[in-house]
């Protein structure tokens, strides 16, 4: 019961395909839809097989630099098998959220930030344990470090010079700091409080006279509350200090000839629409003020946004939203029970419904039973297992035992490293649009490409097509030779041709040539007339000057090629030389 109970904050496996590895996600919320189903709002984690080849190289470079800086080498004592399996435990965190049906959850796992003080073998020794150190942004395809680094060592630390003898400080102390209040003033606390009450009253009266403030603060109570904020009190205390704590002169400054002084803070400077935008941005980005300013409030300064945030937290609106969020969190689902589902569709079973014990002793829904004889596990090469699973495209006839199949689903790779994995560099992923068209189906799924020798496994030929040139295009080639310049264009295939200039020149030349008559094509005489003319006028044979017999050189004679008795290929029972237009070895003999 507890194994199938999933709560908010758990790291879980999600199955989006019966043949692909599990997705690794962290549950953020559990929401119940209108239809009664449960959806999970999750944070996405990506495997190495999910990102591009370039980013994998950057991640390996970052890991190598981290290993060089650390005192204990990370992969010094690891075998090739352990290094291969360690790559399957590495994940990449993302800030991307998605909603998935809770019924697709297939188990729990554990994901932690890479601990540099802990041995990497601890991740291999624990089941369903993963680690991450970099953050992947799927929108811009970049990798970033998830935590800041404290760089320790002579490379990053400053050289501390020797202590110098004490000298007199020649700096002007008046420029270093400014005194704004004197606690030893001649006024008592009661007199200062009375002056602050006068400053609040002046601020309330100033808001009553200001038209824009009257719109924002329609009632006297709200105007008095706005005048009682810190900016009014700070201005009053600063005015009192600047006038030597003389109450009469300070009050005269608060109420000059032009009218009372009005002091506003960020709460009053912001409009209602700007406040709504700020709350929307805060709901989306949290306290990431740089993103809030960039996407929602670019006309506000960062200082203004931060100041408004801490003032906004003191308002009743913030308290109300906090209570609403607490009530929503209380009403949301805290956990969900997902029962064990039916067997995987890739499971191979015999005709009587019992699981096979030997790979090849049972049949599948894809291949006949005779085609599976002698097939072993593609990962560990075992020939016996209590259950077998079809792996890869059906025409590949690949199978995995129960242990390797579970490893493939959880960790996204084969348990045992293959020779091709050791020799080749990481292949491009399906996310790269330039490489996707050149990858086969099994390569897109991260499976090895195997050549079985069967014509079924060959790549299908694409549908043939041809490009038909229009009549006007053929005319434009002749009319616009100076602009088109076909020879230069052929030598530069990646430089675009200016079709607009060609079209304009063709229109001008076509108007010029439309008035001139076209040259009529000469009609060809029939063959009977040509034969009659040749009979009447036979061709004269040229006089050939023959040399004496002693000066004649032996004429060479080309002999037929000797038959090539090499082995016949499948291509029409002819060898490679015949299919490429070659006659084999030739011998030249003199007559």
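Any Cβ shown, glycine's included, is placed from N, Cα and C.
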Zinc finger per Swiss-Prot - which of 293-320, 321-348, 349-376, 377-404: 377-404
Range annotated as region 'Disordered' in Swiss-Prot, from 137-176, 177-216, 217-256, 417-456: 417-456
DSSP-derived helix, strand and coil totals, residue by residue, for the domain 'BAH' (1-147): 37 helix, 61 strand, 49 coil
Composition by DSSP (helix, strand, coil) of residues within the domain 'ELM2' (148-258): 60 helix, 0 strand, 51 coil
